[in-house]
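Engineer: Straight from Swiss-Prot, here's the annotation block:
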type     : residues    : note
ACT_SITE : CYS11       : active site, nucleophile
ACT_SITE : CYS83       : active site, nucleophile
ACT_SITE : CYS90       : active site, nucleophile
DISULFID : CYS11-CYS83 : disulfide bond
DISULFID : CYS83-CYS90 : disulfide bond
Amino acid sequence: MENKKTIYFLCTGNSCRSQMAEAWGKQFLEDKWNVYSAGIEAHGVNPNAIKAMNEVNIDITNQTSDIIDATILNSADLVVTLCSHADAVCPSTPPHVNRVHWGFDDPAGKEWSEFQRVRDEIGEHIKRFSETGE
């Protein structure tokens, strides 16, 4: 019987950071967590996010850019906002939903090295969370 918790990664456009977080989450957390991502808006998956994750042998070409699903939001065990905009405007969550903010810079429109840096920072944070719960 599967009894996984649900983690929901949110950012503004569900294009870069939350896509990377979903991929890293599936890499490090999938045995204990159902992993989803969404945005305040759906901007499509950024091609550089796909390229950055391919560099670490994680394929996100089949991930979709989605707007926040109220059902997932209200039933998640943990909601993680990845940018200050999502943290500020994310719909309110019920008291039983643990909500935290892990801020990462937006690499969109920046140098390629920013995508790599943000990818690695998100991956390290999620790996640490998988090991320590923090």
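The backbone N, Cα and C atoms fix where each Cβ goes, glycine too.
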Engineer: Write down the Cα-Cα distance for CYS11 (active site, nucleophile) and CYS90 (active site, nucleophile), rounded and given in Å.
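Structural biologist: The separation of the Cα atoms works out to 9 Å.
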Engineer: Inside 10 Å of the Cβ of CYS90 (active site, nucleophile), count up the other Cβ atoms and send me the figure.
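Structural biologist: The answer is 22 other Cβ atoms.
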Engineer: Give the number of CB atoms, excluding that of CYS11 (active site, nucleophile) itself, located within 10 Å of its CB.
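Structural biologist: 29, counting other Cβ atoms within 10 Å of CYS11 (active site, nucleophile).
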Engineer: How would DSSP class CYS90 (active site, nucleophile) in three states?
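Structural biologist: Reduced to three states, the DSSP call for CYS90 (active site, nucleophile) is coil.
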Engineer: Relative to the Cβ of CYS83 (active site, nucleophile), which residues of the same chain, six or more apart in sequence, are found under 8 Å away?
Structural biologist: CYS11, THR12, ARG17, GLY103, PHE104, ASP106
